[in-house]
Amino acid sequence: MNEGIYCREAEYDAGSFGRGNDEKVVSPFGEKRVTVTAMGIAENSKGLVLAVASGVFIGASFILKKKGLKQAATHGTRAGIGGYSYLLQPFWWAGMVTMFIGEVANFVAYIYAPALLVTPLGALSIIVSAVLAHFLLKEKLQQMGILGCVFCIVGSVLIVIHAPQEHALNSVQEIWDLATQPLFLVYVTVTVSVILALILHFEPRYGQKNMLVYLGICSLMGSLTVMSTKAIGIAIKLTLEGISQITYPQTWFFLTVAVICIITQLNYLNKALDTFNTAIVSPLHYVMFTTLTIIASVIMFKDWSGQSASSIASEICGFIIVLSGTILLHATREREQSNMRGTRSLTWYIGEDLVKDIEDERLNLIIHGSDYGE
């Protein structure tokens, strides 16, 4: 067993975010007592601030990219059916730059704090995107949607309060040992198999009808991206501290996996944004991505190792509250879409096209003319 893989027997409430305590670390080389110092708390705080900033930038990027995609749809082939005219739109590029800044902040946040703390704070991006969509894209946010945003905030705060401290890792080799655990290898195998099934079988048949196809690919890839980027971030941090990780082949393997996953995610996220309503895509993407990332992190990095049952239960409750908020946002948007239509039968058959926000004037004239005699 590698020295980097160890278990913790905590003699304190490991979820205490704001205070330091003694902790006994057990490894094959014996026991030693360490203290969760103010430095450890400060590192978690850095991760918290960066995660919040990331949420703001990423939330804004959804709206900017959506605006660019809508403009591109009026001048060329939509991204949802394979077009790339959005590459000529300034708003889309502004969204990409904003997303890049947010992702960099998110990347650095994972270096300083565990995924159990950083990932759920992505709920902030949902709130930002929903509010901006209300003002910039005229995708109205109802009172129940506002309540959903409040749920997201409350759940995130609960998670932050009980988040565990980051486990110290001293080399990429230690991360590799964690990544090659049998249980995590099973997770990777299942994930890759589902992704291939979604891309090869389900996307051609149901991609334009069911957003879960695109978002499933994004979220599954995302969980692997987070694990890889966390490894890369730790490698960069250690290298800057004078402990070079560049010579390890595992560093380059993690980098390759991250690049492949990120490119795939962006492609299918663009399709989801172009095909379906932003206020629905954002929360569902968050729910799926966060759930899968937390599962992957708990399996690979053993984030719950050493935490008390009450802290774990509080984190789960906080996560459920956040999920409730995102589902409430989704239900509000879906009900609003239904209320905007003239009749139920008409909505049933053309609802998919209307959700896509295709600005087809002839279709609008036909719909409005049949309902209101225009």
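Here the Cβ of each residue, glycine as well, is placed from N, Cα and C on the backbone.
Given the structure is predicted, the values throughout are model-derived calculations rather than measurements.
TrEMBL has this to say about the protein:
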type: TRANSMEM; residues: 47-64; note: transmembrane segment
type: TRANSMEM; residues: 91-112; note: transmembrane segment
type: TRANSMEM; residues: 118-137; note: transmembrane segment
type: TRANSMEM; residues: 144-163; note: transmembrane segment
type: TRANSMEM; residues: 183-200; note: transmembrane segment
type: TRANSMEM; residues: 212-236; note: transmembrane segment
type: TRANSMEM; residues: 248-268; note: transmembrane segment
type: TRANSMEM; residues: 280-300; note: transmembrane segment
type: TRANSMEM; residues: 312-331; note: transmembrane segment
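Within the same chain, the transmembrane segment (91-112) stays apart from the transmembrane segment (144-163): fewer than three Cβ pairs sit under 8 Å, each pair at least 6 residues apart. The stretches the transmembrane segment (312-331) and the transmembrane segment (144-163) are in mutual contact, each linked to the other by at least three Cβ pairs under 8 Å (pairs 6 or more apart in sequence). With a cut-off of 8 Å between Cβ atoms, the residues of this chain six or more beyond the transmembrane segment (183-200) that come close are 213, 216-217, 220-221, 223-224, 292, 295-296, 299-300.
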